[in-house]
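Encoded as structure tokens, the structure appears first; notes follow it.
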Amino acid sequence: MLKSRKIAVVGTGLVGSSCAFAMVNQCICDELLLIDINEEKAKGEAWDLTHGVPFMSQRTKVRTATYADCTDVDVVVITAGPAPKAGQTRLDTLGVSAKICDSIVTPIMESGFNGIFVIASNPVDIITYHVWKLSGLPKNQVIGTGTTIDSSRLKNFLSEHLDGIDTRSIHAYAMGEHGDSQMCPWSNVSVAGKSFLKMREENEELAKIDLDEIVEKTARAGWEVYNRKGTTYYGIASCVTGIIKSIFHDEKKILPVSSLLEGEYGENNVYTGVPTVIGKNGAERVVEIDMTEEEMDKFKKSNNVLREYMSHIGY
Ligand code: NAD
């Protein structure tokens with residue numbers, strides 16, 4: 001008997017419903033379960049999504065569910081959490097987000113769930129660590145969206161300086177906290193295998209780019225969207241869907257998700273954005289890229305920012 005592919009999305013607000021829409025459009029699973037404390041909202045989303053299914057290339061059965069239904073779910077996506085209000089940072093929502101996660105992860109684990117958690121709720125690195133601790137699952141089964149969205153934003157800014165080259169042909173990572181302290185290891189950025197720093201040596205226009213400014217713009221890009229439309233959701237929904245596709249198809253794509261470090265980069269006991277091989281076992285391996293001393297210093301500082309905030313919820 002074939003087993004159907006099941007995803008549960010917890011939190012059907014703007015991020016959760018956008019994730020669900022991307023998943024149904026890209027036909028990545030057979031069954032999509034929607035869970036929200038606001039059951040009527042989840043029901044409305046399930047119906048709305050179902051009404052579009054006749055126009056998709058494959059059928060996805062979308063319905064509302066309870067935590068008890070997560071027993072045989074392959075991937076649970078957590079997007080429940082308060083969207084930050086104007087003037088707040090993602091870290092300001094930590095206490096509330098952590099409490100919400102307690103009420104979600106405990107019953108899911110009681111259902112017998114043994115799949116993979118993909119966390120988008122902010123502050124994502126710390127919430128992912130919290131879910132890892134609460135669930136008791138091996139680290140490969142708990143993944144945060146980390147700096148996937150930031151890396152995408154970074155590539156978009158770089159593309160603007162590179163005659164519009166496709167962002168998928170640019171290798172560049174934002175790493176560390178999904179937040180203000182994130183950094184970019186420029187010594188690793190490449191286009192068609194050519195080092196970006198080398199390209200700068202050979203091109204006056206590229207040499208003029210202020211790299212620190214690009215990192216700052218990348219970290220602020222979410223707020224630039226926020227200032228114009230009140231919040232962000234399509235970009236992160238695409239990241240979540242991409243992560244799950246890499247799991248389901250065992251793609252072994254390297255994505256800068258939030259992974260637990262246990263010795264990699266000389267760091268321990270912190271979930272942070274690092275290039276990670278994503279395959280059928282979830283976060284299969286952290287890739288340790290070479291960094292200059294200065295880059296490593298920035299990366300470690302960012303991890304220390306995360307540790308400081310972890311201590312606010314008792315870690
Ligand atoms: P939203 O307010 O639109 O939706 C949140 C949903 O969570 C609501 O439907 C609410 O009913 C539900 N919810 C609240 N408490 C719950 C509980 N205990 N159990 C189940 N459901 C519960 O917010 P949003 O814009 O969708 O953002 C959700 C989260 O995603 C926030 O933490 C936000 O910061 C985060 N986010 C992350 C990224 C990223 O890059 N990782 C990007 C955008 C947003």
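Positions of Cβ are set from backbone N, Cα and C atoms, glycine also.
TrEMBL entries are annotated by machine, without manual review.
Matching Ser103, Ser159, Ser169 to the NAD(+) binding residues that TrEMBL gives (Gly11, Thr12, Gly13, Leu14, Val15, Gly16, Asp36, Lys41, Tyr67, Ala120, Ser121, Asn122, Thr145) identifies Ser103. According to DSSP, Gly13 (NAD(+) binding site) sits in a coil region rather than a helix or strand. Taking a Cβ distance under 6 Å to any atom of ligand 1 as the criterion, the binding-site residues Gly11, Tyr67, Pro123, Arg153 reduce to Gly11.
Long-range contacts of the signal peptide (1-22) within the same chain: residues 28-36, 38, 41-42, 45, 49, 62, 65, 69-70, 72-81, 83, 104, 108, 120-121, 231, 233-234, 236-238, 240-241, 244, 248, each at least 6 residues beyond the stretch ends and with a Cβ under 8 Å from a Cβ of the stretch.
In terms of Cα distance, none of the binding-site residues chosen from Gly11, Val15, Asp36, Tyr67, His171 sits within 10 Å of Asp125 (substrate binding site).
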